[in-house]
Amino acid sequence: MSKFWSPFVRDLAPYVPGEQPKMANLVKLNTNEHPQGPSPKVLDAIRAEADDRLRLYPDPRSTALCEAIADYYRIKPEQVFVGNGSDEVLAHIFMGLFRQSRPLLFPDITYSFYKVYCGLYGIDYQTVPLDQDLSIRLTDYDALNGGIIFPNPNAPTGRLLPLADIEALLRRNTESVVVVDEAYIDFGGDSAIALIGRYPNLLVTQTLSKSRSLAGLRIGLAVGDEALIEGLTRIKDSFNSYPLDRLAVAAGKAAFEDDAWFRQGRDRVVEQRGWLIGQLAERGFQTLPSAANFVFTRHPGHSGADLARGLREQGVIVRHFGKPERIADYLRITIGTAGQNQTLVAALDRLL
Ligand SMILES: Cc1ncc(COP(=O)(O)O)c(C=O)c1O
């Protein structure tokens, strides 16, 4: 607190990111990073770009990366927007598309940054409760609204919605922007990018932080109708016209070009997810079905807080949200390497 803060700063409720601990030898399963490093071709691309050209500003449109993404999804580069992590892309979406006279709708249990952006940009919102089994039910969003956003799969539950449900929502909801936040889609779902040609109010966001192992570079994207992308570009150019640096553009392009590396890394995570869910079930845990690179799980005999603390004492960090009450006993556990997952299970055995 400082007397120099404006009342606006004093009243903000910022997002609290998962801990990035400094201690070595921790098993870090709390922020959904990929357990394996990026493609060697990505590292080569960064090295090749690290030369005298760094004195020059990067391409303000990140054209090379937008073209690589467009090639990958067989769409036009004009339908692609990139930013410094999908958090920044989402921030622009909230600022530029969701400040409407009607409230924005999103799930009551979801990515907690959505509420933070509403606070930052003064956006009126209404949360829509997840149903009994913690799934999103899109028919509950049939209300007048200034926009709709939800992750698919949802975070922190990991639960996936079928594309048919999303398309049905888009058929009903034609007068406001619908954003599908696909931070985790590569681990088990079908992307709504397939629908963008048919629905001019659909925006799909993705990140290279999870399935493409590049959380440290901060690259995110949005895909949608050209007019929506143009709106986001107007916001970007009123905020920071060079958001992605040269190294990020080169690395992001190489990441989309090395599909083999992406697939094998993703498949390993999916295989380990199956293994971990099985191990948790053997120990009495109740785990939601997950299409993401994490699981959301609870044990009927132990509180979530105790388990998180007990794991931490053994050097294993997982995410425990504590609130709201409905999810107070759940842990969100990122899928690690086979070795990390075994360490987690051994640590749980000592606790149970
Ligand atoms: C649902 C969801 N959306 C967006 C993000 C932001 O990802 P990034 O800013 O790393 O691209 C996250 C990060 O954890 C997330 O869980």
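Glycine is no exception: its Cβ is also placed from the backbone N, Cα and C atoms.
Just so you know, TrEMBL annotations never went through curation; they're auto-generated.
The model shown is predicted, which means the values in this text are computed figures rather than measured ones.
Feature annotation from TrEMBL assigns domain 'Aminotransferase class I/classII large' to 25-348.
The secondary structure of K210 (N6-(pyridoxal phosphate)lysine), as reduced to three states from DSSP, is coil rather than helix or strand. What TrEMBL lists as N6-(pyridoxal phosphate)lysine is K210.
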Protein Cβ atoms within 10 Å of K210 (N6-(pyridoxal phosphate)lysine), excluding its own: 26
